[in-house]
Amino acid sequence: MGKKRSVSSQRWLKEHFDDQFVQKAQKKGLRSRAVFKLEEIQKRDKLIKKGQTVVDLGAAPGGWSQYVADYFNGDGQIIACDILAMDPIAGVDFLQGDFREESVLEALLERIGGKNVDVVLSDMAPNMSGNGTVDQARSMYLVELALDMCHQVLKPGGSFAVKVFQGQGFESFLKDVRAAFNDVKTRKPESSRARSREVYLVATDYKL
């Protein structure tokens, strides 16, 4: 007999399959419901424009890369990275690996080829342990790495959209993002679950 699911996992499964955005993604043949978060950000903030170079961190299963590729329709470059495998997407150059490792980071930077990126996207999140303090520290480490990637690859005037979990370290990170970009907004997309602490920082006009 299989292991009995916990009350919390049963609740998550019910929420997941009752979720209108999960159902909408399935009907449209999309890779994940996360695409609707980026779609809403794009409608409000106009981050992505044809002809740009976009880096997608934490890309698997590919919802955001798929959205950008469809938007570009061949006019633009997308470089994606994730520790998990991702089915190929036309127009997306995908690197599988953990970019916290030096060799993977070097390979990713080589593909990017210098400070010529218009937009860095990050929907990264750690594997949750259930320990809130540990999970928050891990998630803040990932967003700090994403900001460091901006410093290495973004053009002046470039943009950054990053998922952040509110909690310890959030205000300090927000201050760092504001120091690097002239305009920073906090977004809570409609498709983000209400009880989730996740928000998205949308930063434009990179100045460093």
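Our numbering is plain: 1 for the first residue shown, then up by one each step along the chain.
Every residue, even glycine, has its Cβ placed from backbone N, Cα and C.
Not measured: the values here are computed from a predicted model.
What Swiss-Prot lists as S-adenosyl-L-methionine binding site is Gly62, Trp64, Asp82, Asp98, Asp123. Per Swiss-Prot, active site, proton acceptor is recorded for Lys163, and the stated evidence type is sequence analysis.
All features noted in Swiss-Prot, drawn onto the structure.
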residue: Trp64; record: S-adenosyl-L-methionine binding site; Cβ contacts under 8 Å, 6 or more apart: Ala34, Val35, Leu38, Asp56, Leu121, Asp123
residue: Asp82; record: S-adenosyl-L-methionine binding site; Cβ contacts under 8 Å, 6 or more apart: Leu57, Gly58, Ala59, Ala60, Phe94, Gln96
residue: Asp98; record: S-adenosyl-L-methionine binding site; Cβ contacts under 8 Å, 6 or more apart: Ile83, Val104
residue: Lys163; record: active site, proton acceptor; Cβ contacts under 8 Å, 6 or more apart: Ser122, Asp123, Met124, Ala125, Val143, Glu198, Val199, Tyr200
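In three-state terms derived from DSSP, Asp98 (S-adenosyl-L-methionine binding site) belongs to neither a helical nor a strand segment and is classed as coil. In this structure, Asp82 (S-adenosyl-L-methionine binding site) is part of a beta strand by DSSP.
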